[in-house]
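Enquirer: Pasting the feature list from TrEMBL:
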type	residues	note
DOMAIN	86-198	domain 'Phosphatidic acid phosphatase type 2/haloperoxidase'
TRANSMEM	12-30	transmembrane segment
TRANSMEM	50-75	transmembrane segment
TRANSMEM	87-110	transmembrane segment
TRANSMEM	130-151	transmembrane segment
TRANSMEM	158-177	transmembrane segment
TRANSMEM	183-201	transmembrane segment
Amino acid sequence: MPFERLFKVMTKPWVMLLYALLVVVCYLYVDKPVAHFLWLSHLSKQFPPLVWFTHAGLGAAYFILFFMAGVFFRYIVINPVWQIRAWFMLANTLFASAICGVLKVLLGRARPKMWLNDNLYGFYGWKLDAHFLSFPSGHTTTIMSVVLALSILFPRHWLALILTGMLVAFSRILLVHHYISDVLAASYLTLLEVGFVYYVFRKKSWLLPALQDENDKSGRVMRQFGVKNG
């Protein structure tokens, strides 16, 4: 499975160290000049669709969607496979978003516009003001939890899913809502969080019906392809 291979590589000690170093380097030397350049570019005015595209990272819509899907496939159109898929998606988005929210408040990093307008840069600790909730990126956390979880359920589409998530995450930087290090940290933390939820679901065998169903479909596709090209 692509997700398992990605997780295995990204959790190697030397990869974790290099990634952490990258985040620190961005914080010290890259975040401010990039934010300043993008601020002067006014991309939100030049490319209005970018503003709508970045909303794909809003968490509330996914919470409602996955909860309603879980209830729908549990009580209305009974389908155990889609029911567990819905609960798995909900568990991932809620878990990742909860940790993200706690870190935002505890760390209290000033958003890019606070530096650009008031020369406030860095971490100020224990802040509830939205202007100091930049790290890690919430939209990035949401969209990456969605696409990573979907890549587990539908591994054949993992590349398109991951690229979509990365584009939404990148839009947060382009619109100067977050620094590069905010997005990088959020992406990595979300990978770990989705990996943890996946481990729990696999250990409890909750996800087995959904994974088996997808494997059966993949097998049928491969057999059909073999017949056509045999």
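Heads up, the Cβ atoms here are built off N, Cα and C, so glycines get one too.
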Enquirer: What residues in the same chain, six or more past the boundaries of the transmembrane segment (158-177), come closer than 8 Å to it by Cβ-Cβ distance?
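Expert: Residues packing against the transmembrane segment (158-177) from afar: 2-3, 34-35, 38-39, 43-44, 50-51, 53-54, 56-57, 111-113, 116, 137, 139-140, 143-144, 146-148, 150-151, 183, 186-187.
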Enquirer: Mean pLDDT across the domain 'Phosphatidic acid phosphatase type 2/haloperoxidase' (86-198), rounded to an integer, is what?
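Expert: Across the residues of the domain 'Phosphatidic acid phosphatase type 2/haloperoxidase' (86-198) the model's pLDDT averages 98 on the 0 to 100 scale.
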Enquirer: Counting each residue once, how many in the domain 'Phosphatidic acid phosphatase type 2/haloperoxidase' (86-198) are helix, strand and coil under DSSP?
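Expert: Its residues fall into 87 helix, 2 strand, 24 coil.
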Enquirer: Do any residues of this chain, six or more beyond the ends of the transmembrane segment (50-75), have a C-beta under 8 angstroms from a C-beta of it, and if so which?
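Expert: Residues packing against the transmembrane segment (50-75) from afar: 43-44, 82-83, 85-87, 89-90, 93-94, 97, 138-143, 146, 167-169, 171-172, 174-175, 177.
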